[in-house]
Every structure is written in C-alpha cells, then in structure tokens.
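Presented below is the structure to which this report refers.
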Amino acid sequence: MKAQPLDVKSSPPYAVPLRWFALAPPMLALTGLLLLFEGPTAVLSRWTPAALALTHLTALGFMGSVMLGALVQVLPVLAGAVWPPMMFRWHLLPAAWGTGVLLLAASFLWPNPALTGTAAMLLTGTLAVFLSIAFLALASARNPAGGDLRRALTGFALTALLGLGLLAQREGIWLADHFAWVSWHVASAWSVWGLGLVAAIAYAVVPMFQLTPPYPERFRARWGKALWLLPLAVGAGVAFGNEVATGTAVLGALLLVPPFTVQTLQLQARSKRPRHDATWKLWRMAMVSTLAAPLAALLAAGDVLSPWWAGVIVFWGGFAAVICGMWVKILPFLTWLHLQQRPGRQGFPPTMLRITPEAQADRLWRMHALAAALLLAGLIFPEPFMRLAGLAVIACAAQLGYILWLAVRTYRRWPQTTQAQVEVPPSTTSPG
Amino acid sequence: MSTIATLFTRDHRHADDGFAAVEAALLTGPTASALDAWEALEAELLHHFLVEEEALFPAFEATTGMSSGPTEAMRLEHAQMRELFAPLAAAIEAEETESVRDLLETLLVMLQQHNMKEENVLYPLCDQALATAQREAIARRLAATSP
C-alpha cells in the first residue's frame, strides 16, 4: 500500500541518513590532513592542486554528504514528502558518492583523465539518482517548505552541471572562459544550493530549537526566489568575461545574502530560551560569517585580501558551523526517536542529553571556534598557523566522529549495556 | 472564520511560551514555581492532544477515509511525548537538574518537529477536507479551556 504524507512508513530507517553522515568525519579529517601536510603552500593560490582538493573534500565530502543525509531525513518532516522505497534500499548511493569525492580530490592532486572521468561519472550518477528520487518524493508537496527544498535541489543540479563543464574544460574536451565559469559555479554552489538549503532548514529549526518568532511569510516567499537572480546574473555575465562574472557575483552576494542573515540574527536575538546552548552559538557564528562573506569577497575582488578569506569564512565560519550545530541535535534526537519506536521495547530509552552530553556539544563548539581562529591566523601567518589549523580541523572531525559513535553505540546496545544508567525513568530513581 | 491551521498553530506558539516559562523558572525560581510552570504547560499540551485525538483527527479520517496515514503517525507521537511527562514532573520535584534539562530538551525537539509536521502538512489537509461547520465545532472545543 502506498505511504501517505507523515505516514510512519515514509520515515527513513535509522541507518539511511546515518550512512551519509558517516562519510563526513573522515572527509573532514582528510581536509585537515591536507592542510597539515601542505601547510602554507595550500593557500598560496586558490588554483593549486591542493587548494582544489581541499575545496572539494570540504564542499562535497564533508558538507555535501551531511546535506544529502539531512535531506533524506527532513523531506518527510518539513514538506510531508513521501520517499519512494528505493531511497531506503539503495545502500550503495553514499558509498558511490564517497568514492567519487575521493577520486575527484585525487584527480586534482594527481591529474589523470581516467581518475577525472571515473569521479565525474560516480558523482554525477549518484546525484542524478538522488535528485530524481527527491523530486519524485516532493512532487505532491504543495507547501512553502516543498518549494524551498525544490529550489535548493535545483541549485545543486545547476552547480553540479557547471562543475561537470569545468572538468570537461580541464580535460580539454570543451573550451570556454574557465575562470568566468568558476565564478558561476561558485556563485551557484554558495547561493541557491548551499544557502538555499540552509535557509529551507533554518525556517524550521531556528524557531523550533531556539523558540524564536517564525520567519515572516513574505520574506520567506520572496527571498528564496530572489536568490536565483545571483546565478542567473552571473551566468549572463560569463558571456562578457571573468571580470564581469566575478563583479556580478560579488555585487549580487552583497545585495542578496544579508537579508537572510540579518533576519536570522534578529530572530535569534528574540529567542525565548533563557540558556544559549552550543547549537545557538554555532548558528550565531554561521550567520555572522555569512554576513561577512560578501565583504570578504568584495575585498578579494579588489585584491585587498586573498580569496581564501572568503573561502574560510563561507566554508568553515558558515556551513561547517551550521553542520556542527545540527549534528549535536539531530543525532541524539534520531537515536532516541528510533529507540522509542523500537517494536517490543521494554523500558525507558535514553533521552537526548544522555546520548550526546552537553559537554560533548560544547567541546565541538570550542574546537570549531579554535579551528576558525587558526584558519584565519593562517591566512596572515601561514607558517605555522595553517598546519596548526589542519590539526584543529582533524580534532573537529574526531569530535564529530565521536558524537556519531556515541549515538550509534547507544542505538545498537540499548537496553543491554546502558540499562543501569538510563533504562529506569527519573521518577523511579529519584531519592525523594 | 479562522482556519484550523491558524487556530492550532496559535495554540502551538502559546505552548512555546509555556516551555520558555518552565526553562526560566528552572533557572531562576524555586522548585515550586518550576513545577507550577510545568503543570500549566502539561495541562495545555494534554488539552491540545485531546482535542486533536477526539475531534480533529476523527473528523479528518471520516471525511477523507485516511485512517492509517498522517493521523496515526500524529497519535503515535502524542503517545511518545506523553511518556516523557511523568518522569519530567518527578525530576523537577526531585531537583535533578541534569535529568530535567535532558527530558525538557528531548520533549522540546520532539514537540517542535511534531508541530512542524502538523502545521506544514496535516492542518492544511484538514482545512481542505473539513466543512465550515465542522471546523467551527472543533475550534470551539479547542477554545473551551485553551487560554
């Protein structure tokens, strides 16, 4: 029988999003290792092999894997989408994605047409399958969240097509203004894919986790559509060369990005919760960074700053902060939810802060902030700070992996090994 | 008249205020005031669940013939949340700060993702399916003890 919106059968099994999430810590650790070994040479230019490998390990391996896993989980919750059962059965999708990212990074470090071709086929194939199923799942979603998610997924498709075009240019299959196309690819990735998805999730989770007022309906209806002006304008600018394309991207970012970040910061300031946890702090950092990023891009376009400033602020200050903030909420919640729904369950399953203690979330926040500071210091004094930043990124990856391991261990072992600690609800353990 | 989506969403936001009041009372006030704040929130949530389970969901199921889809999932989630209520009250009374924070956090996330599903998907479906008279009767029931 066909599942209906919100049907229990339309919720993904525990392991499905986690297979995607499990890719993120090792991919981030590889990014850290590259920074550690390359040190200052990694940031000499944005075009070095190491720089390209770093960028794509972060954007596709770390961020992309988490974003795809999050989509599996949130489509039914946010939009009432009904996943076709194949999404829960095709376990090879995350493996194909992870392999594709590794081969792509390897093809930047050790250029080889066979590596590039295989990476392109794996990544394009996985994404084509994922996006086709996602659009199918969203077909009946007629709510605003469905529209936000469809636009973000279309943004991912555009970014991937532009990336494919760039790989074809690199292999000499097709000639075009490579740098102008890179501006288009980056503008699309940052805006309609990355920020588009962050906004679609923020509209739900900022009011939800932080008890803020909702985003104004008019803002929500207009901003996501207006954001598309950025890649469309840059695409038109490509015909006039790199300077026009880059200038359009910077101007577009200066005009279109701040309304979302300012709106989110204003809402956060009106949070009804008296305590601010790690997620609140990480979202705050993400929004401040995303607000600063267009300015960094402007200064980079004027050769005042290295483009790496914009890169670090966007990737680490913005997207990685959101991911870390969500990591410490979603993993314990999913674990508790699935334990509570376990057939024939006996006893009271461990609740969220017993699965991911606040101390672990706070540690992740501090590690993320330290890595951000070291990355920025590394742009001023590359030696030794860029290598230290690499170590800090590896530490962050280890902490993300540890939090994931804590959740999976609890899920697998409960109620056996955690029985004494958590099975009995506080009402029967309290002394008085 | 107001829609199901408007009325029930307003009730959700009111519960958010109750949640914030419990957290604030836990941080600043004596245990008794935190317990009072929790009991007020618990009563509000139980009333909201009851109106949905006894009036809104049956009307939706009778009109659409969908009895095993969204309403079944929402009933299951109500049960999951109710299971947290008694341990939470006991932990507040026993001044077990860590347990209270843990149970409140779990309840908050569960409640909010549940509300999101209702507001984005189920309530609009109810507004499409139910006649004006049915919606008015359900609204009266919700308002009966709702603040």
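Each Cβ is built from the backbone N, Cα and C atoms, and glycine gets one as well.
Taken from TrEMBL, the feature transmembrane segment covers A:20-37, A:57-83, A:90-110, A:116-140, A:152-170, A:190-211, A:246-262, A:282-302, A:308-328, A:364-382, A:388-408.
Cβ atoms under 8 Å from those of the transmembrane segment (A:152-170) belong to residues 71, 116, 120, 123-124, 127, 131, 134-135, 138, 176, 178, 181-182, 184-185, 188-189, 191-194, 196-197, 199-200, 228, 231 of the same chain, restricted to positions at least 6 beyond its ends.
Across the candidate stretches A:90-110, A:190-211, A:282-302, A:388-408, the maximum count of CB pairs under 8 A to the transmembrane segment (A:20-37) is reached by A:388-408. Stretch with the largest number of CB pairs closer than 8 A to the transmembrane segment (A:57-83), among A:282-302, A:308-328, A:388-408: A:308-328. If you look at the transmembrane segment (A:282-302) against the transmembrane segment (A:388-408), you find fewer than three C-beta pairs under 8 angstroms, all six or more positions apart, and that falls short of contact. A Cβ distance under 8 Å defines the sequence-distant neighbours of the transmembrane segment (A:364-382), meaning residues of its chain 6+ beyond its ends; these are 39-40, 43, 278, 281-282, 285, 306, 308-309, 312, 316-317, 320-321, 324, 327-328, 388-389, 392-393, 395-396, 399-400, 403. Within its own chain, the transmembrane segment (A:308-328) is flanked in space by residues 21, 24, 43, 46, 55, 58-59, 62-63, 66, 70, 190, 194, 198, 201, 205, 278-283, 285-286, 288-290, 292-293, 296-297, 299-300, 356, 360-361, 364-365, 368, 371-372, 375-376, 379, 396, 400, 403-404, which lie at least six positions past its ends and keep a Cβ under 8 Å from the stretch. Beyond the transmembrane segment (A:90-110), the same-chain residues lying 6 or more positions past its ends with a Cβ under 8 Å from any Cβ of the stretch are 19-20, 22-23, 27, 30, 49-50, 52-53, 56-57, 60-61, 64-65, 68-69, 116, 118-123, 125-127, 129-130. Within the chain, the transmembrane segment (A:116-140) has long-range Cβ neighbours (under 8 A, six or more residues past its boundaries) at 5, 60, 68, 71, 75-76, 79-84, 86-87, 90, 93, 96-97, 99-101, 103-104, 106-107, 146, 149-150, 153, 156-157, 160, 164, 167, 170-171.
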